[in-house]
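Visitor: First, the structure itself, so that you have it in front of you.
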Amino acid sequence: MAFGRWLNRCLHCMSTPWLLEARSSAWFVVVAVGVAVFNESWLYAVVSPVYPTALRDRFGVKPEDVQNWVDWLFGIEAAGLMVSSPIFGYISDRIAKRKRLLVWSTVVLLGAHAMQCFARHMALLVLGRFLQGGCAGVVWCIGLALVADTAESNRVGQMLGYASAPYSAAVALGPVLGGIIYEKAGYYAVFGLGFGLIGLQLVLLPLLIEEKDVKQQGQRNGSSDSELVSQVQVVEKPEVKKVPTTRSRKIETGVFSIPLGDDLHPTTSKESTLSASQPSGDRWSTSSLLSSGRSIKRRISKSPLWILIKSRRLQATCLANIVTAMILASFDVTLPLFAEEIFAWTPLGSGLLFLALAVPTVLQPLWGRLADKYGTRFPVFTGLLLCVAPYACLRLVNHKSVAQVVTLCSLLFFIGLGASLSLAATMADFSCVANEKERKSPGSMGKTGALAQSYVLFNTSWGIGELVGSNIAGIMRQGNGWGIMGWCFAAICGAGAIIALLWCEGWIVDNASRRQRERKEAYSSA
């Protein structure tokens with residue numbers, strides 16, 4: 001007994017991971033995923049003030065073509081996000097180790113970043129941006145699913161707010177520091193900082209321990225005492241072969257088993273009878289193809305992703321997410337060139353303008369907490385509605401003066417405030433819809449749930465917003481002017497706010513009747 005307990009303690013110390021509780025805690029997962037989100041967003045946005053000058057000086061792009069190339073470079077990364085999100089979201093819900101995909105995507109991200117750093121030809125630069133967008137899809141799908149898995153059910157929105165806050169901060173701060181570094185240290189210094197951030201990500205992600213591994217470790221440690229003691233105390237006994245019962249008795253002859261007793265009555269399915277009676281040439285007959293098509297259709301209709309896509313509530317949330325992505329992407333491609341033309345600023349000055357968008361992001365965890373407590377309808381509606389007036393007033397900024405700079409920064413601040421409020425609420429709603437579907441119909445969302453696939457829709461809709469928003473903003477500013485671009489995005493935000501008010505959390509009339517019914521039930525029970 002003493003030897004068994006001693007052996008158990010030794011093996012327990014060897015099998016238990018180092019700092020298991022700290023590395024599997026919700027806060028460590030949030031920090032590790034937050035760093036990955038920050039890096040992905042940083043690498044996306046840090047080149048915003050750099051590209052207008054670098055494309056002319058380093059790649060020889062004509063000045064009149066700079067806006068088009070900036071639009072395409074940001075759009076191609078959004079396309080990579082759209083392509084990779086469904087693929088890795090599908091894989092994520094079917095594998096046990098999500099962390100491995102995060103680590104390998106970081107390695108690919110390192111190569112994509114190196115391509116962009118040392119590229120001298122536009123093809124290599126475009127390829128690097130596309131791969132970087134693909135790695136972003138892995139981070140958003142799998143990383144946020146890990147956070148939602150670890151967080152308590154009543155704090156999902158708050159934890160996702162903490163994990164996603166680095167996105168808005170990096171998108172806003174990236175151009176600021178990118179312009180400063182490019183102005184003071186040059187092109188390679190901008191990418192050098194990116195290599196350091198990717199290195200930090202490669203340190204944190206392997207240390208992360210998933211919640212599934214913690215449960216397995218607890219089960220293994222809980223059963224280790226009795227197993228090891230029984231192994232130590234085992235005494236050699238003569239092997240006694242049990243005689244099989246009549247029902248299970250069989251005669252084994254080579255690779256065949258001949259049943260005896262009750263097993264003489266074999267059960268044959270209709271499928272095996274039909275397949276045996278039909279010749280092999282009927283495999284591609286019309287009836288077989290129709291049957292296969294119906295089987296595929298049933299499989300698709302029962303897939304978690306399709307169940308989520310059919311949700312009206314999630315469709316409205318996706319539209320609100322597209323509009324939010326369009327808001328942030330519109331300034332990535334237009335603000336540096338606008339500041340260069342109107343204020344005659346260098347990349348340093350144009351990058352500092354993005355600081356006005358960065359300040360409201362510190363409130364994003366608060367917005368996530370409000371969404372957990374009061375729902376997502378009114379936060380999304382308020383956030384998008386808050387962007388309408390500032391976008392419409394962008395036309396007032398049309399010449400060089402201190403007052404114009406102050407006006408532009410104020411407008412950018414309120415747009416950033418509305419975008420951060422909308423982003424935090426929509427992100428929480430994606431996980432809430434997936435959990436609600438699982439609660440109503442247990443097992444319908446697969447063995448591991450559909451959190452990763454809900455974030456497939458988040459990433460895909462976000463990529464659509466970035467792709468469409470960057471191209472619309474660039475085309476409108478170049479063809480119709482800064483003021484018309486502002487009016488266009490004001491109308492888009494207004495339409496998104498109306499959709500959010502009517503459909504987020506379900507049809508507003510149904511929700512009102514349900515709340516009235518709940519009040520009546522509470523009154524009658526009282």
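Each residue, glycine too, has its Cβ placed from N, Cα and C.
TrEMBL labels come from automatic prediction, so no person has curated them.
Pulled from TrEMBL, these are the listed features:
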COMPBIAS  266-279  compositional bias 'Polar residues'
DOMAIN    29-508  domain 'Major facilitator superfamily (MFS) profile'
REGION    262-288  region 'Disordered'
TRANSMEM  26-52  transmembrane segment
TRANSMEM  72-91  transmembrane segment
TRANSMEM  103-124  transmembrane segment
TRANSMEM  130-148  transmembrane segment
TRANSMEM  160-182  transmembrane segment
TRANSMEM  188-209  transmembrane segment
TRANSMEM  318-339  transmembrane segment
TRANSMEM  345-366  transmembrane segment
TRANSMEM  378-397  transmembrane segment
TRANSMEM  403-424  transmembrane segment
TRANSMEM  484-509  transmembrane segment
Visitor: May I ask you to check whether the transmembrane segment (188-209) and the transmembrane segment (318-339) make contact, with contact taken as at least three Cβ pairs under 8 Å and only pairs 6 or more apart in sequence counted?
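Guide: No, since the transmembrane segment (188-209) and the transmembrane segment (318-339) share fewer than 3 Cβ pairs closer than 8 Å, they do not count as touching.
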Visitor: Are there residues at least 6 beyond the ends of the transmembrane segment (403-424) whose Cβ is under 8 Å from a Cβ of it, and what are they?
Guide: 157, 160-161, 164, 167-168, 172, 320-321, 323-324, 327-328, 331, 342-343, 353-354, 356-361, 363-365, 367-368, 371, 379-380, 382-387, 389-391, 393-394, 396-397, 493, 500
Visitor: Where else in the chain does the transmembrane segment (345-366) make close Cβ contacts, counting only residues six or more beyond its ends and a cut-off under 8 Å?
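Guide: 45, 48-50, 52-53, 158, 161-162, 164-165, 168-169, 171-180, 182-184, 328, 331, 335-336, 339, 408-410, 412-413, 415-417, 419-421, 423-424.
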Visitor: Select the range from 26-52, 72-91, 103-124, 378-397 that forms the most Cβ-Cβ pairs under 8 Å with the transmembrane segment (130-148).
Guide: 72-91
Visitor: Can you work out whether the transmembrane segment (484-509) touches the transmembrane segment (318-339), with the criterion being 3+ CB pairs under 8 Å where the paired residues are 6 or more apart along the chain?
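Guide: Stretch pair touches.
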Visitor: By a Cβ-Cβ criterion of under 8 Å, what residues six or more beyond either terminus of the transmembrane segment (72-91) are in contact with it?
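Guide: Distant Cβ neighbours of the transmembrane segment (72-91) are 44, 47, 51, 101, 125-126, 129-138, 140-142, 305, 329, 332-333, 452-453, 455-456, 459-460, 462-467, 470-471.
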Visitor: Short question: which residues 6 or more past the ends of the transmembrane segment (103-124) have a Cβ under 8 Å from it?
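Guide: Tertiary neighbours of the transmembrane segment (103-124) are 36, 39-40, 43, 47, 58-59, 61, 69, 131-132, 134-135, 138-139, 188, 191, 194-195, 198, 201-202, 205-206.
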Visitor: Which bits of the chain, at least 6 residues beyond where the transmembrane segment (318-339) starts or stops, bring a Cβ under 8 A of a Cβ in it?
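Guide: Residues packing against the transmembrane segment (318-339) from afar: 44-45, 48-49, 51-52, 66-67, 70-71, 74, 78, 168, 171, 175, 179, 345, 347, 349-351, 353-354, 357, 380, 383-384, 387, 412, 415, 418-419, 422-423, 426, 457-458, 461-470, 472-474, 477, 482, 485, 489, 492-493, 495-496, 499-500, 504.
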